[in-house]
């Protein structure tokens, strides 16, 4: 967690103690909360700075009591096979309170984690994939990270800033109408007041990049006429995970989705900085809600909340470490989930910028990851053999 300098005087100590007590009182006085839903209450707990969050209910599968009744450890029915994984037999973890959720502790080699971090920052963020920055800035075709590297080498002018996107005659009513006439989901209008920033600052403002079918965030639906290829290695990685969990089940539920039926058709790369959060939500956009959703963590640890089909269910807080994989199969696809906290100073040593790990370019990536978490989130959009449905959309 972040380092806070101790108070230097008795007066400062009293002020800090009073602030802590006031915050504790607010936290305990649930009647002061507008929304008393248990999910919201859990989010507020982990967003709290003073007093610090209560971690007593957190499930940390890297350090847990084997007698914890909430956790079920099983052997995977099929081998987890990928050139990016360590060669060994892996277990999966289930939670008694969350049917359908499957967790696999970090199976990646250290080198594979560094590889996918590079890809997420430098390659997956390039056009035609879109990011939150594309609405307001003119991002170069080769991607913002490449400009960041140029700036770091001194190849850009000392006062260079990424230009804003200009409002023109193709925009109206707050939306960009420059897309094709068949596009029923116009893009948001750029804001002319966003700050001009150099690549080294703007790179920390990147929040998401969409892969495959591009996502229309205002309506939370896909652009079915904007589909690009999901990177082949990402598709292979996801299929390996879905194949490994065929037949996993417990206490009345069972994952029956076959790896051979899985197609990685869309994805979101989420980029978190310290203090960034993701509010509780449900992913409802896919036409195929039976296919598993695969989510991979890289970088600093986080708290991941997963509850039930309404916010009235108290969520389970999971601590996810770099390389951990969670899979939401059909029984929990409609469950609320979110990320209320990135846990500071938890970057593994094998991602540290202080060592090049035999890779000369790693220092810049490691510096970024020192305060970051990346989440690679992958989905199948259409049911299998839905060619006719695709044509209609």
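Quick reminder: no glycine exception, Cβ is built from N, Cα and C everywhere.
Features as listed in TrEMBL:
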type     : residues      : note
REGION   : 1-34          : region 'Disordered'
COMPBIAS : 14-25         : compositional bias 'Basic and acidic residues'
REGION   : 167-193       : region 'Disordered'
DOMAIN   : 262-382       : domain 'Fe2OG dioxygenase'
BINDING  : 281, 283, 337 : Fe cation binding site
Entry from the binding-site residues list 281, 337 having the most other CB atoms no farther than 10 A: 337
Cβ neighbours of residue 283 (Fe cation binding site) where a neighbour is any other Cβ within 10 Å: 16
Neighbours of 281, 283, 337 excl. site residues, C-beta within 8 Å of centre, Fe cation: 280, 282, 335, 336, 338
DSSP residue counts for the domain 'Fe2OG dioxygenase' (262-382), split into helix, strand and coil: 14 helix, 47 strand, 60 coil
